[in-house]
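Structure first, then comments.
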Amino acid sequence: MNPITLTIIYFTIITGPIITMLSSNLFTMWVGLEMNLLALIPLMMNKSNPRSMEAATKYFLTQATASMILLMSIIMNFKQLGLWTFQPETKDIIMTTTFISLTIKLGLAPFHSWLPEVTQGIKPNVGLILLTWQKIAPLTILFQYYELMNPKMLIMSAITSVLIGAWNGLNQTQTRKIMAYSSIAHMGWMISILPYNPTLTTLNLLIYILMTTPMFMIFHTHSFTSISSMSLMWNKMPMALPMMSLILLSTGGLPPLTGFLPKWAIITELLKNNNMILSTLMAMTALINLFFYTRLIYSTSLTTFPTNNNSKMFIHQHHTKTNNILSPLMITSTMMLPLSPLLL
């Protein structure tokens, strides 16, 4: 792709969520979301093949539907109150449709089915943008207006997201689909704590981005698309094996790694608010998540798949692909738990 075109696309992707974050006017927020949506599609279709075209089409249709529902809610609110912001007087139906549109944008259950399919069809570097940066704009709208939404609706969406993210990730063999279901489960954790302590939602999002970025960097640098392709990692880059295992365990929320911090804080906060059943359910689904990350570790580092003799010679070749950001990201995504008194 032309460097000038790429610069414009990336600039639009960066500015879209920033406009949404800094705005108090609902229409400007919607414009920020649209900028984000339209700029990502050319990236998805870059070096196009049938898979990426299908993924871009699915992404456009679902996001356009969500944008249409959100714009309808904004216009209904303006018709009712004459204001471009939601107020306590806003009708419940308007807040419900707004929440539905934001759940579609975030890929929360029960509107999650597009996310794994789209992530599977695009390149890992675009998948990283889709699963991290694209979540920021809809979450900021939820963060601003969660008090006006029905908390039961938020909790139900959170429980179903955590359950679906855990169960559907179990039988996956494709790395990008595993990361997509992981994203759905993490979004469920973020939404579950929103009615009680929204600061923890922000903390969870930051740590989720910290853990997802190095994983996708490894996938992109070495073209790992499935568990079987990752099984050759021991002779391509043996030093990255223990580090990747640690990042996966951290994403699963195993103490004493960074990923344990948001889960620990969220469960503590839910228990303070007498939400025994919800916190127990979420702790149990976290174990299912941890199981499929452990399965990934098992197949990459504890087993040797049948390979031809040539593949055993990879380690002697000079690697031109290097990534300088990977080392600090690996450290932050695994060793930040001692900073928890500062972060909480």
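Every residue gets a Cβ built from N, Cα and C, even glycine.
Pulled from TrEMBL:
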DOMAIN    23-288  domain 'NADH:quinone oxidoreductase/Mrp antiporter transmembrane'
DOMAIN    290-344  domain 'NADH dehydrogenase subunit 2 C-terminal'
TRANSMEM  6-39  transmembrane segment
TRANSMEM  59-78  transmembrane segment
TRANSMEM  93-114  transmembrane segment
TRANSMEM  126-146  transmembrane segment
TRANSMEM  152-171  transmembrane segment
TRANSMEM  202-219  transmembrane segment
TRANSMEM  239-257  transmembrane segment
TRANSMEM  277-298  transmembrane segment
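Looking at 59-78, 152-171, 202-219, the range that has the most CB pairs within less than 8 A of the transmembrane segment (93-114) turns out to be 59-78.
Taking Cβ pairs closer than 8 Å, the transmembrane segment (152-171) reaches residues 96, 99, 103, 108-110, 112, 116, 146, 177-178, 181-189, 191-192, 194-195, 278, 281-282, 285-286, 288-289, 291-292 in its own chain, all 6 or more past its ends. Among the stretches 6-39, 59-78, 277-298, the one making the largest number of Cβ pairs under 8 Å with the transmembrane segment (126-146) is 6-39. For the domain 'NADH dehydrogenase subunit 2 C-terminal' (290-344), the model's pLDDT averages out at 74.
Beyond its flanks by at least six residues, the transmembrane segment (59-78) meets 26-27, 30, 33-34, 37, 40-41, 44, 84, 86, 90-91, 93-95, 97-98, 100-102, 104-105, 111, 114, 118, 130 of its own chain at Cβ-Cβ distances under 8 Å.
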